[in-house]
Amino acid sequence: MQIAWVALGGAIGAVARYVLSNAVYAWLGRAFPWGTLSVNLLGSFIMGLLFYLFTQRLMVPEALKPLVLVGGLGAFTTFSTFSLETLNLMQSGSWSLALLNMLSSVLLCVLAAYLGLVVGRLI
C-alpha cells in the first residue's frame with residue numbers, strides 16, 4: 001500500500017512542478033533555468049520544514065510521510081532536469097550561466113532546506 005501512496009504523491013508533485021515551472025518560465029523567460037531553480041528551491045524549503053515537523057512536532061499517519069516527502073516532493077523537485085539544463089547551457093557556450101546554475105542550485109537549495117528546518121523549529 002505504501003507504494004500506492006508514493007505513486008499518488010508523485011503524480012501530484014509532478015503536475016505541481018509542471019504548472020509552477022511553466023508559470024515561472026512564462027514570467028521570467030527561458031534564458032536561464034528559472035523554472036527548475038524555483039521548484040527546487042521551494043521543494044527544498046518544504047522538505048526541510050515538513051521533515052522537521054513530521055519527525056519532531058506533528059503526529060501524522062505513517063502513510064502521509066512517503067506520500068508527501070518521497071512521492072510529492074521527490075517528483076516536485078528535479079535533479080535530472082537541472083542536470084540537462086546545465087548541459088544545454090554548456091553546449092550553447094553559456095558557461096557563466098551554467099556555472100551560475102550549478103552554484104545557485106546546490107547552495108541555495110541546501111540553504112532553503114536548512115531554512116525550512118529553522119522555520120519548523122520556530123512553529
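Even glycines carry a Cβ here, placed using N, Cα and C.
What Swiss-Prot records for this protein:
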BINDING   Gly74, Thr77  Na(+) binding site
TRANSMEM  3-23  transmembrane segment
TRANSMEM  34-54  transmembrane segment
TRANSMEM  67-87  transmembrane segment
TRANSMEM  99-119  transmembrane segment
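The stretches the transmembrane segment (99-119) and the transmembrane segment (3-23) are not in mutual contact, being linked by fewer than three Cβ pairs under 8 Å (pairs 6 or more apart in sequence). When secondary structure is read from DSSP and collapsed to three states, Gly74 (Na(+) binding site) falls in the helix class.
Highest Cβ count within 10 Å among the binding-site residues Gly74, Thr77: Thr77.
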